[in-house]
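**Q** Got a structure for you, questions after.
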Amino acid sequence: MFPRFRELYYITHIDNVPSILEKGILSHAEIERQSINCKKVYDNSIVLKRKSRLLADNRSLWEFANLYFQPRNPMLYRLLVQGLKPKDLAIVAVKWTIMKRDDILITDGNAASSETQIYRKSEIKNIKNIISVKDMEYWREEDGSKRKIMAECLVPQCVDPRYISAIYVSDHEVASNLKKAINNRNIPVIPDPTFFFLPNREIKLTQNLSLVEGDMFFSRMQTLTVSVNTVGVMGKGLASRVKYQFPDVYVVFQDACKKKELEFGKPYLYKRESSLDAFLAEDGEKLSDLNHQTWFLLFPTKRHWKNMSEIKGIESGLRWIVENYKKEGIKSLAVPALGCGLGGLEWSIVGPLMCRYLTKLEIPVQIYLPLEKRIPDVQLSPKFLLDS
């Protein structure tokens with residue numbers, strides 16, 4: 001018996017949605033057999049990998065419609081960094097009852113990967129482990145989570161339109177246009193930017209400075225700022241995420257603390273030579289025109305991890321950024337609400353201070369809002385943040 005969950009997901013070009021609602025989600029082989037004209041989203045390397053993997057009965061993955069348990073995955077990220085815009089894509093939600101079909105197959109990762117096992121329903125001993133990827137928010141190559149988060153339900157030939165429960169798109173304007181394109185059929189079209197690695201909201205304060213509510217580690221900024229202490233411990237908050245997802249950053253952080261290169265009021269810039277896009281996208285190392293480097297700015301907001309954050313040290317660090325960003329080659333910058341949340345400082349104090357300094361930068365800057373509690377709208381206004 002399969003545990004219940006809400007939906008599975010199919011990633012497609014938004015122009016294909018009307019046809020999908022009429023004919024269903026077809027396997028690529030079935031699309032070719034029926035000579036259906038559709039907009040393809042996958043490049044040749046992805047196509048060849050899926051065509052070439054054969055099952056024991058000699059069927060190719062090309063004969064199956066593939067549904068993901070978690071659509072916010074490396075494959076979707078790849079499509080977006082290859083040049084497709086969020087508005088070009090739709091995520092088709094499929095009722096979990098498709099799993100009751102006896103002819104489906106389940107994979108424990110990206111089906112095209114040689115490391116992935118493909119199971120019949122009767123062969124699976126613990127489906128919960130596979131389905132748990134629906135709760136994953138990020139991934140790494142080293143521990144296999146990058147492959148596992150792309151676990152699939154493979155449906156032979158076609159997913160009947162009756163199984164389709166909703167369509168997710170990137171914003172309200174796209175949703176409105178799609179509703180018209182499908183003649184306002186009785187199916188929900190839901191704008192959800194987080195599915196497409198977009199922030200929940202963005203508030204533009206100046207030409208270069210914005211407030212963002214979302215996951216900073218999916219920012220396309222060249223330099224990501226991480227709040228740290230000066231004793232080399234990454235235990236909670238964003239720092240603990242960095243320690244797990246980017247262990248090389250943690251090693252550099254500890255070394256900088258030991259050598260006193262990172263001090264209170266003086267951030268340390270780690271000019272990492274690898275691309276976050278390559279790290280996050282499926283087969284990202286083979287893609288061209290990526291963000292070539294993702295740097296990390298280690299910004300001390302407290303002296304010891306046991307202490308609360310100190311506003312004076314934060315101001316000194318902001319001053320360092322203003323004085324050094326050009327010389328260091330920082331081209332764009334993402335910064336969390338320094339010292340807020342676990343640091344114990346209030347946005348009403350930190351926000352205006354950060355904006356006072358960061359408005360001086362002649363580069364794109366995103367301030368990521370604290371998620372621990374909702375900030376009153378009045379404290380997010382240009383008047384409050386820029387005129388204080």
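Cβ atoms here come from the backbone N, Cα and C positions, even for glycine.
Remember, it's a predicted structure, so these values are computed and weren't measured experimentally.
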**Q** Would you mind telling me which of 15-33, 34-52, 300-318 Swiss-Prot tags as region 'NAD(+)-binding element'?
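**A** Matching range for region 'NAD(+)-binding element': 34-52.
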**Q** To which of the recorded positions E152, D215 does the lowest count of other Cβ atoms within 10 Å belong?
**A** D215
**Q** In Å, rounded, how far does the Cα of N229 (ADP-D-ribose binding site) sit from the Cα of T12 (NAD(+) binding site)?
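**A** Cα to Cα, N229 (ADP-D-ribose binding site) and T12 (NAD(+) binding site) are separated by 44 Å.
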**Q** Using DSSP reduced to three states, classify R50 (NAD(+) binding site) as helix, strand or coil.
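**A** The residue in question, R50 (NAD(+) binding site), is helix (DSSP, three-state).
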**Q** Where does G343 (ADP-D-ribose binding site) sit in the DSSP three-state scheme?
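**A** For G343 (ADP-D-ribose binding site) - judged by DSSP and reduced to three states - the answer is helix.
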**Q** Between D215 (ADP-D-ribose binding site) and T12 (NAD(+) binding site), how far is it from one CA atom to the other, in Å?
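**A** Checking the Cα atoms of D215 (ADP-D-ribose binding site) and T12 (NAD(+) binding site) gives a distance of 24 Å.
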**Q** Given a separation of at least six residues and a C-beta threshold under 8 Å, show me what packs close to Y10 (NAD(+) binding site) in the same chain.
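**A** When sequence neighbours closer than 6 are ignored, Y10 (NAD(+) binding site) has I20, I25, A65, N66, L67, Y68, I91, V92, V94, V159 within Cβ distance under 8 Å.
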**Q** In whole Å, how far is I11 (NAD(+) binding site) from G341 (ADP-D-ribose binding site) when you measure between their Cα atoms?
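**A** One finds 35 Å between the Cα atoms of these residues.
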